[in-house]
Amino acid sequence: VVRLGPRLAEVCAEWPRSSWRPVGQARRPLSTSERVPRICIVGSGPAGFYTAQHLLKHHKLARVDIYEKLPVPFGLVRFGVAPDHPEVKNVINTFTQTAQSDRCSYYGNVTVGKDVTVEELQQAYHAVVLSYGAEDNRILGIPGENLSGVYSARAFVGWYNGLPENRDLKPDLSSKTVLVLGQGNVALDVARILLTPLDLLRKTDITEGSLAAIASSKVKRVWLVGRRGPLQVAFTIKELREMVNLPGARPILDPADFAGLRDAIKDVPRPRKRLTELMIKTALEKPGEKEAKIWASATREWGLKFLRSPLEILPTADGKRARGIRMAVTRLEGSGESATAVPTGEVEELECGLILSSIGYRSLPLGSSVPFDRKHGIIPNHLGRVQGVPGLYCSGWVKRGPTGVIITTMNDSFDTAQSVLEDLQAGMLNVSNTKEGFESVRSILQSRGVHPVSFSDWEKIDAAEVARGQLAGKPREKIVDPQEMLQLIGH
Amino acid sequence: MITWRVPRLFRPLLNGLNIGKAQPCKVAEHSQAPATLQPERSFSSTHWLRDVPRDPSSAERVTVHFINRDGEKLTAVAKEGESLLDVVVNQNLGIDGFGACEGTLACSTCHLIFERDVFQKLDAISDEEMDMLDLAYGLSDTSRLGCQVCVKKSMDGLTVQVPMEVSDLRRQLEVGKQSKQ
């Protein structure tokens, strides 16, 4: 209860409360807590942070709390982006600003769905945005998939990027030939990390453990295998260019795969055209001086195989490990992005001891209270509003599917934030019904023995990682054990 | 004015493939900030915090107009030699999500659309810029990345368009209304 001076009390008596718009400083004592939208975001990757950013910028009162199951924030920016792509990670700076702003709080080490339910969050907040991404991968669904020596690219990436759940992967890198199933940017990333000269990898934030394993790797050749043709590759030109220019490595592209392709791309949009032209040039033309030098002294190779669909992963005699793969030879029906691969009846076998399946990430359902479309692997929604559940929203890969780069997720997150802002403006989120936000959740977590990690706790972990990295000439040495992280901050 | 408090989180990996390519604009000599990424540099963001003096008597002042996604015209006075991304950042122009990778050619969020006659006079585009521009939404044939375009005296009065990024056309109007609350 606030005591008003006599003149102010008169004025307030005249004006109906609903017409008050707080102006100036945010710390006015009058009724602000009743009109403050409290919004909860589940997931602290780019989707979560961009959604938070947009909400905070375009609503002067809203308070946003970001929950994250790991102690540390940033999702795929920390655990997905390749160690040799530090520029892409610059977005962490803007996310850090958001996390440090007044009306934003970060709560790490809280698993929504286990430590606190979505329903409990909906009790505590006016709006809940699910931005928890895609933590699983698509399955090949072929025999031999579970043999030793077969890994999802997602787990492999998690391993070299220090994702706690993948720290004990111990991939067997003693095979000379590696097969990557899939021709997207993740496939190129894993190929590149396997083939990059060690003295370059050493200076990145790749984990110490994986660096040591890669240092004793016998891998000499990596194939990226796709079911369709060159015109359907999912990787983008910057990443392909990096492979073509990779020191110490030479491309193996079959000219027959590219015959007649120049004509086929005459009228396609520029991005696809330039990408295909680079492949054609690499496959068919004599290399320029720079490339010729690299290729002449290359000790490692990478290549693209097209029109091959995996049928079975073949085991060693003892039945325990992968020794090769049997693939169906396909042909294309239709053209362009919608072309499909149809088996021809022919079959091919290839020997290899390490197979990485890079056919896509996959989101998982959160619980029975959140609808989930299993066929498409997304939460059914319209413009980010979860179907049938007022006050529940989603953004990022769990909303759209697991493709796209940071800008895709940024735009998508802004869209969802826009839906929340519209609903606030239209009175659909009943902000006059006071919600306690984290204050309600705090006691729930306490009763369950869960200790959230704050953003300043993360900053301590961050500082420790950077300090350890400095000793090794790296930007940071990631801590891969969540217990170690928690001990560091005194939890 | 936002305080750009940038923690020392990340240092760029400056291997032989990356040096210099992301910073085409030379800052005037009397500027206090290092002009280009050097191999010994440890901050990924110092070039970002362009400490360009606002003293009108030093280097040329150039007026640039940005038409934001909601149609609002944002006018800035730039220094010759800054990139258009620098202008947006240094003057804290309210363009959502602009410059995510901080001018290192790792995204396309500083995508701008130019008038044709201005576009044709810009410095040639590199393969690296085109590679990223190819991923931009609303790509046009007079598109460039703002981090690669340097302000010149001849650009005084320049008007550039921030392309519509949101997927639903109806949003155009809402975005404008919301930020004016």
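Cβ atoms are placed via backbone N, Cα and C, with glycine included.
Automatic prediction, not curation, is the source of TrEMBL annotations.
What TrEMBL records for A:38-194 is domain 'FAD/NAD(P)-binding'. What TrEMBL records for A:Ala47, A:Glu68, A:Leu76, A:Val112, A:Trp397, A:Gly404, A:Val405, A:Ile406 is FAD binding site. The NADP(+) binding site annotation in TrEMBL covers A:Gln183, A:Gly184, A:Asn185, A:Val186, A:Arg227, A:Arg228, A:Glu239, A:Gly404.
Known features from TrEMBL, placed on the structure.
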residue	record	contacts (Cβ under 8 Å, 6+ apart)
A:Glu68	FAD binding site	A:Gly43, A:Ser44, A:Gly48, A:Gly75, A:Tyr106, A:Tyr107, A:Gly108, A:Asn109, A:Val110
A:Val112	FAD binding site	A:Val42, A:Tyr67, A:Lys69, A:Val118, A:Leu121, A:Tyr132, A:Leu366
A:Gln183	NADP(+) binding site	A:Leu224, A:Val225, A:Gly226, A:Gln232, A:Val233, A:Ala234, A:Phe235, A:Leu304
A:Asn185	NADP(+) binding site	A:Ala234, A:Phe235, A:Thr236, A:Glu239
A:Val186	NADP(+) binding site	A:Ala153, A:Arg154, A:Val157, A:Ser358
A:Arg227	NADP(+) binding site	A:Leu307, A:Arg308, A:Ser309, A:Thr330, A:Ala341
A:Arg228	NADP(+) binding site	A:Phe306, A:Leu307, A:Thr330, A:Leu332, A:Ala339, A:Thr340, A:Ala341
A:Gly404	FAD binding site	A:Trp397, A:Asp412
A:Ile406	FAD binding site	A:Pro46, A:Val77, A:Val88, A:Val91
- Task: Tell me, in order along the sequence, which binding-site residues from A:Ala47, A:Leu76, A:Val405 have their CA within 10 Å of A:Gly184 (NADP(+) binding site).
- Result: none
- binding-site residues satisfying Cβ distance under 8 Å to any chain B Cβ, from A:Gln183, A:Gly184, A:Asn185, A:Val186: none
- Using a Cβ-Cβ cut-off under 8 angstroms and a sequence gap of six or more, which residues of the chain neighbour A:Ala47 (FAD binding site)? A:Gly75, A:Ser131, A:Gly133, A:Ser395, A:Gly396, A:Trp397, A:Val398, A:Lys399, A:Thr409, A:Asp412, A:Ser413
- Task: Indicate whether A:Glu68 (FAD binding site) is helix, strand or coil by DSSP.
- Result: coil
- Message: What's the number of neighbouring CB atoms sitting within 10 A of the CB on A:Leu76 (FAD binding site)?
- Response: 21
- In three-state DSSP terms, the structure that A:Val186 (NADP(+) binding site) belongs to: helix
- Considering all pairs of residues in A:Ala47, A:Glu68, A:Leu76, A:Val112, A:Trp397, A:Gly404, A:Val405, A:Ile406, annotated in the record as contacting FAD, what is the maximal C-alpha distance expressed in whole angstrom? 25
- Note on the structure: Mapped onto three states, the DSSP assignment of A:Ala47 (FAD binding site) reads helix
- A:Glu239 (NADP(+) binding site), number of other Cβ atoms within 10 Å: 20
- Students should find that the Cβ of A:Gly184 (NADP(+) binding site) has, within 10 Å, a number of other Cβ atoms equal to 20
- Could you check what DSSP calls A:Val405 (FAD binding site) once collapsed to helix, strand or coil? coil
